[in-house]
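K.L.:
So that we are looking at the same thing, I have put the structure below in structure tokens.
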Amino acid sequence: MDLFSLLNILGIIGFSISGALVAIDEDFDLIGIFILSYVTAFGGGAMRNLLIGAPTSILWEQSDLFILVLVVIIILCIFPYIFTDYLKFWIDLSDSIGLACFAIQAAALAQQYQPTFGAIILSAMITAMGGGILRDLLAKRKPVFLYSGLYGTFAFIAGVAVYFGINDYTLATTALIFILVISRMLAIKYSWNLPGSRKIDRADAA
């Protein structure tokens, strides 16, 4: 198995767990858990394929990965207590793993179709964030990438690293994944965020 395929598998596992755990946290039924898990795992990749001109049929040719997500969901439904005691931690960790792996994998794929800086960066960010956006919207949550933990920033960094060829070196790519995951978890823990505008006091504004 090449590194490209491994990153795809790890990203799908990470995001499928994230989607399923959010569904469990929101008290979704079994169908809801399945839908949210699959949307989170495959939604970003589907958006990316449309963006870079990759065949949309790629999504439907991943039958083994569809089965893999099904297995993940079944395990989570049978043994939910493994995760429920530290649910937020597991959601954040699985989300961070999915982000790192998918951003790198998507940027590398974009190099094959549209090897421009903009396409590579946008591919990394859309793939890393797209599934999470759909997950949060379906769960009626504020999309996490808009406000928390430098989500888009780390996807951007992954895209830049791939543009400069880090994916040509397995050890460097592995190190980048660990750096992104650890940095993302630290960003969540210590509330690291990009500067934003000051919240307007409606009473003062009036």
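Cβ atoms are placed via backbone N, Cα and C, with glycine included.
Straight out of TrEMBL:
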- 6-78: domain 'Glycine transporter' (DOMAIN)
- 94-164: domain 'Glycine transporter' (DOMAIN)
- 6-24: transmembrane segment (TRANSMEM)
- 31-53: transmembrane segment (TRANSMEM)
- 65-83: transmembrane segment (TRANSMEM)
- 116-134: transmembrane segment (TRANSMEM)
- 146-166: transmembrane segment (TRANSMEM)
- 172-192: transmembrane segment (TRANSMEM)
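Each of the listed features needs to be described in terms of its position in the shown structure.
P.N.:
Shown for the domain 'Glycine transporter' (6-78): DSSP residue counts in helix, strand and coil, namely 65 helix, 0 strand, 8 coil.
With DSSP classes pooled into helix, strand and coil, the tally for the domain 'Glycine transporter' (94-164) is 58 helix, 0 strand, 13 coil.
Counting same-chain residues at least six beyond the ends of the transmembrane segment (31-53), those with a Cβ under 8 angstroms from any Cβ of the stretch are 12, 15-20, 22-24, 59, 62, 65-66, 69-70, 72-73, 76-77, 98, 102, 106, 109-110, 113-114, 119, 122-123, 126-135, 138-139.
Long-range contacts of the transmembrane segment (65-83) within the same chain, counting only residues at least 6 positions beyond its ends with a Cβ under 8 Å from a Cβ of the stretch, are 8-9, 12-13, 16-17, 20-21, 24, 30, 33-34, 37-38, 41, 90.
Residues 15, 18-19, 39-48, 51-52, 95, 98-100, 102-107, 109-110, 143-145, 151-152, 154-156, 158-160, 162-163 of the same chain lie 6 or more positions beyond the ends of the transmembrane segment (116-134) yet place their CB under 8 Å from a CB of it.
Within the chain, the transmembrane segment (146-166) has long-range Cβ neighbours (under 8 A, six or more residues past its boundaries) at 92, 99-100, 103-104, 107-108, 111, 117, 120-125, 128-129, 132, 172-173, 176, 180, 183-184, 187-188, 192-194, 196.
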K.L.:
Who are the chain neighbours of the transmembrane segment (172-192) in space, where the CB to CB distance is under 8 Å and they lie at least 6 residues beyond its ends?
P.N.:
3, 7, 92-93, 96-97, 99-101, 103-104, 148-151, 154, 157-158, 161, 166
